[in-house]
Amino acid sequence: MNAGSDPVVIVSAARTIIGSFNGALAAVPVQDLGSTVIKEVLKRATVAPEDVSEVIFGHVLAAGCGQNPVRQASVGAGIPYSVPAWSCQMICGSGLKAVCLAVQSIGIGDSSIVVAGGMENMSKAPHLAYLRTGVKIGEMPLTDSILCDGLTDAFHNCHMGITAENVAKKWQVSREDQDKVAVLSQNRTENAQKAGHFDKEIVPVLVSTRKGLIEVKTDEFPRHGSNIEAMSKLKPYFLTDGTGTVTPANASGINDGAAAVVLMKKSEADKRGLTPLARIVSWSQVGVEPSIMGIGPIPAIKQAVTKAGWSLEDVDIFEINEAFAAVSAAIVKELGLNPEKVNIEGGAIALGHPLGASGCRILVTLLHTLERMGRSRGVAALCIGGGMGIAMCVQRE
């Protein structure tokens, strides 16, 4: 795609906090997380719910959530029954793919205003048992839907952590290099939290507790005070034969959260007196060998930047999802990026990685960082389980 004379723009962007596994958001149904951000982005954009053409959200772990959880989130946010709502599933890239689909829908004239984003409550993902034909005798094993549907490669039957180990070996990313990336992510996020840099992008979530409703408004996954000495003591988790380098500390987390943006054409924003956060310049998606899925952002970023008519040097800020430190280091190394331009507020290693929400979460953070720093050009990108990558170029005027 190309921006054209009347580009698609983002007029508001927000996210919930990112909750730890079985943490602050664990009891909040995923559709309620979605409703929370949908309400907020519409409020910020001063768009009436009935003016929305369509709602598109990424969502991965849908088992047991009821019929069309995104439709539930849409209606729960006050959007009328007459407005369609649906989900897309591209594992880690789902939340950004939803934004791409919104851009396409608006671009061809099918929609005028779209709410796009992603949501996930990994804490509520169920264990599954196949009992349709009954169990004649013996035990019935349970399948963890997080592992089965989210974190296990279907082609090589291996955990995503093994694909990170494969990238580390092929791109010669040492354990020390990975731990340095992880500590930097934690330290940057700690600094950003203390400086209030995330405050504007976060919408508080009301959580029911024994003491009544409480307002949750601070990301709870980051570990303040992280240092290389403590991190280097952790043992590799996925390969335990002495060759492993990926640990729980240099990998992203299992998390809960939601994020959303409101999109429309520039002419529609002008008519409504809205100042866009950015315009969508280009986007790209690619496929790669699944066993090294983490390198997906490399060709995706190259393609998106080329479509935009930019060079990598033209980009002010990159938000590249930190699924694993090994992957982040390999991407920066292969593309020759300036580390000072990449994930400057920290990334998923510190903040967390709620699968279906992460694609839009990094876009929301990118938009607010560009605004706060007065920068113009940004790229959001993610690697995707199953061997894919997705990237988007945005520009502030």
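Cβ atoms are placed via backbone N, Cα and C, with glycine included.
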N6-acetyllysine per Swiss-Prot (candidates: K200, K266, K302, K307): K200
Position flagged as N6-acetyllysine [Swiss-Prot], chosen from K233, K333: K233
Assigned conformation of C92 (active site, acyl-thioester intermediate) - DSSP reduced to three states: helix
Other CB atoms, at most 10 A from the CB of S252 (CoA binding site): 29
Recorded positions compared (K200, K235, H353) - highest count of Cβ atoms within 10 Å: H353
Among R223, K233, the one of these recorded positions whose Cβ has the fewest neighbouring Cβ atoms within 10 Å: K233
Secondary-structure category, per DSSP, in which C383 (active site, proton donor/acceptor) falls: strand
Chain-mates of R223, S226, S252 with C-beta within 8 Å of site centroid, CoA: A182, S185, Q186, T189, F221, P222, A249, G253, I349, A350
Subset of recorded positions (C92, R223, S226, S252, C383) lying within 10 A of H353 (site 'Increases nucleophilicity of active site Cys'), CA to CA, in sequence order: C92, S252
